[in-house]
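> If you look up TrEMBL, you'll see B:65-256 marked as domain 'ABC transmembrane type-1'. The feature transmembrane segment is assigned by TrEMBL to B:5-26, B:70-90, B:102-124, B:136-160, B:181-202, B:237-256.
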Amino acid sequence: MTANIARGSLPSTARKPWRRFSSLSPSWVFALPALLVYAAVVLYPSLAGMVYAFTDWSGIGADKSFVGLANLTAMFHDEQAMGSIGNTLLLTVTIVAVQNGVGLLLALGVHVRLRSRAVLRVVFFAPVVVSPVMVAFLWKYIYNPDPAAGLNGLLGTHVDWLGDPSIALWSIAGTVVWQYAGYSMVIFLAGLEGIPPELHEAAMIDGAGTWQRFRYVTWPLLAPSLTINLMLSTIGGLKLFDQVFAATNGGPGYATETLSTVLYKQAFVFGKFGYSTAIALVLALFVAAVSMVQLYYLRNREVAQ
Amino acid sequence: MKRTFLLEIVMVAVAVAFLFPVYALITLSLKDPAQIAHSPLSLPAPPTLDNFGKAWTAAALGPSLVNSTVITVVSLVALVALGSFAAYYLARAKSRMGYGLYILFLLGIVLPFQLGMIPLYQLVSDLGLIGSHTGMIVFYTGIQLPFTVFLYTGFIRALPRDYASAAQIDGASHFTAFTKVVFPLLRPITGTVLILNAVFIWNDFFTPLLYLGGSGFETIPVSVFAFVGQYVSDHGLVFAGLVLGALPVVVAFLLLQRYVIKGFASGLKG
């Protein structure tokens, strides 16, 4: 103890009396290492990306010239790229609606004091922590066209879940919903746990039925959880890559191409780095629009706390 | 009471249906090719462990496990160190610059990484870091810093200043006050930071595929991807590889489930 004081704080105050009056705010040097890494990995490349989107860069050497809006206009005539925008939006809307609908039902079921609730919560959440690529490979087998195997064997159907272009996109949405419904569930559960039980008791005394209590007590108070869930699933849907890449690689034809798979192929298969970056810019605009709303919401909640 | 019982039956039935893919995964990994061709959905009779030994070697899961662990652990240490230090300044600064820097970090949550993906690939390759642990560690540290800084800054703002001030009046520098007094108080949020970032980094696929594919330094998702591509028709072998590849993260989840679910339930993963 004595040794500690002797070595530590007291003498240093004696040596540097000014420190006592120094600012109570730490120096900006604290943020410098983080800022440098962040600038190198995120800020500089993102800025460069915004510039590259208007060039014809091939990725080899520094050879590139400005082509103005040519990459963006080329996108409008590119069947694969335009199709991928439609697919991405359709996938996103489907995933957002189904994942959150299922997640809410699971949360309402697990919120009741069932004997198995702890186990159920772990079971439904478990796929969230597994790599999406591995989940996609598992489902690729489940979607086996063989009528005796996988989902066909279970349901007695004869469907080519991933090979039929009119079904493949919905099958991929199914994989994503299976993996992440438990994620929506735990966010809704946290919301449900925050609702004071007295509110339900008061509504019951007033004669409200199950549906009325859900509609007028639970649902309005779940608004914050719903907002978070909508944001997370929308951003996840817009950026979807791993599941598509592993299950269909965009096929059959262009039936399941998303913005992320197309920009990957344009860069690393066809070497059109400028064009690929232009597609990334379009994706970035979609994602940024949604993220801004999320950030605004999170910052407001932070203030409210 | 009766209604709860009915609900319990319904929920358990839903869980059983939900687990069908996992049933297929485990039973197929225990069957030989003849059994799979004959009766793909039945229980393995008799079960065989042959697939697991073959998959472990064929998918190079041993080295991949080492790569994934090194990359994840070092990235997490860097994220906690850099993120908490930066957040301490951002949360306590009263200057306009402090606020401006905070907004600059938040911008990183909004920007999707695809925008900078190709220039960054070029930069990493110019630095000779393609196919190395270092390249991946720097990438994950940079890409996850905005989110980490956001979590830490919010938490530090809610902490009373008195602890650090008391230490400083006793003569401690800001550095000592932070490492000895403030940082230990950040335990709860450090837990959330570690869990959310660990799951993201461990399972990430796109960037390690670009940076590490074919280098011999692949992480588990990239190795499993290459392995499945190679043995695609041998379902028993493929599924044994998937079981082994998913095992570390599933075991970690089961051990830490309470904390993992709590971290994700905060709903902050951007």
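Indices start at 1 and increase along the chain as displayed.
Heads up, the Cβ atoms here are built off N, Cα and C, so glycines get one too.
TrEMBL annotations: computationally assigned, not manually curated.
How buried are these features, and what lies next to them?
Using a Cβ-Cβ cut-off under 8 Å and counting only residues 6 or more beyond its ends in the same chain, the transmembrane segment (B:5-26) has close neighbours at 40-41, 239, 242-243.
Long-range contacts of the transmembrane segment (B:237-256) within the same chain: residues 25-26, 28-29, 51-52, 54-56, 58-59, 61, 65, 68, 195, 199, 202-203, 220-221, 223-224, 227-228, 231, each at least 6 residues beyond the stretch ends and with a Cβ under 8 Å from a Cβ of the stretch.
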> Grab the same-chain neighbours of the transmembrane segment (B:181-202) for me: Cβ-Cβ under 8 Å, and only residues 6 or more beyond its ends, written as numbers and ranges.
68, 71-72, 75-76, 79-80, 83-84, 88, 140, 144, 147-148, 151-152, 155-156, 159, 163-164, 166-167, 172, 219-220, 249, 256, 259-260, 262-264, 266, 268-269
